[in-house]
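See structure below.
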């Protein structure tokens with residue numbers, strides 16, 4: 001029987017984000033900049049990662065507390081060996097209605113069919129430019145945008161439902177909004193533009209680099225005829241619009257200018273096995289991995305997860321100002337540990 005629990009701000013728990021690795025084959029400046037994550041950077045050893053059995057056990061307990069959706073993140077999750085094994089395990093859990101995965105897309109041709117066969121049906125591909133030269137400068141690994149576009153075509157050809165995520169930075173890739181919207185509109189693929197966020201400690205974020213949803217919308221309305229779309233469910237993070245001529249939708253994610261803390265229903269498990277109640281959390285999350293490996297029962301695990309959720313009061317984006325960003329004393333967990 002599913003228990004209905006809420007946090008201190010009255011928010012239910014509906015989603016679980018599982019980071020399966022801290023490794024990535026890109027070095028995007030806003031997430032894993034090359035000067036920080038260089039050749040000598042020490043990533044987590046295998047024994048510091050949760051096993052697939054541990055993840056499935058955690059997901060099963062969370063399902064009993066109301067979680068219906070699971071998203072697999074990283075790092076780059078396709079770098080975790082035998083990920084299809086985890087997908088298959090998660091698909092067997094009662095109450096889990098949706099499993100998604102966020103990826104940079106580079107390894108979709110290599111692993112996509114196995115993941116589909118294991119039950120994965122929905123992926124988000126991160127692609128911050130459609131121009132090859134610009135995209136190479138963003139990922140810092142000489143990967144062309146056309147390479148990822150080919151991977152996306154492959155993913156759709158095998159039956160995966162693909163959405164594309166684009167982090168927009170002022171003066172870097174804001175000129176990509178219109179060409180990317182045009183390209184994916186013609187492909188009938190949903191694209192979502194995300195305001196640049198201050199996740200982690202190494203991405204050089206400040207307010208001047210943010211292109212707000214209103215600015216994006218003004219730009220888009222000069223080129224396309226669109227209508228707003230009503231939210232589909234409580235906690236939906238994107239504001240959706242529909243092209244009038246062919247009905248294809250796109251989204252704008254207002255993570256800075258119009259926060260959605262009040263409807264956030266996500267629990268997050270980092271690649272090193274810690275619980276966090278917020279994408280912008282500090283680095284002292286509850287160590288679920290150590291707790292599980294101490295020999296606790298499922299009932300003890302459930303009680304711990306209940307307690308963690310019921311004391312949750314995170315609302316970082318509601319409280320974000322230039323001063324709070326500058327004065328934040330405690331380091332936030334980096335993106336490669338907690339996913340997007």
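Cβ atoms are placed via backbone N, Cα and C, with glycine included.
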From 141, 278, the one annotated by Swiss-Prot with 261, 264 for [4Fe-4S] cluster 2: 278
Binding-site annotation, Swiss-Prot, GTP: partner of 17, 71, 102, 266, 267, 268 in 163, 170, 187, 209: 163
Close binding-site residues near residue 267 (GTP binding site), where close means Cα within 10 Å, chosen from 30, 31, 75: none
Rounded inter-Cα distance in Å - residue 28 ([4Fe-4S] cluster 1 binding site), residue 266 (GTP binding site): 25
From binding-site residues 24, 31, 278, the one whose Cα lies nearest residue 268 (GTP binding site): 278
Intrachain C-beta neighbours of residue 75 (S-adenosyl-L-methionine binding site), sequence separation six or more, cut-off 8 angstroms: 19, 20, 21, 22, 23, 24, 271, 336, 337, 339
C-alpha spacing of residue 102 (GTP binding site) relative to residue 126 (S-adenosyl-L-methionine binding site), in angstrom: 7
Site diameter for GTP, Å, by largest Cα distance between 17, 71, 102, 163, 266, 267, 268: 22
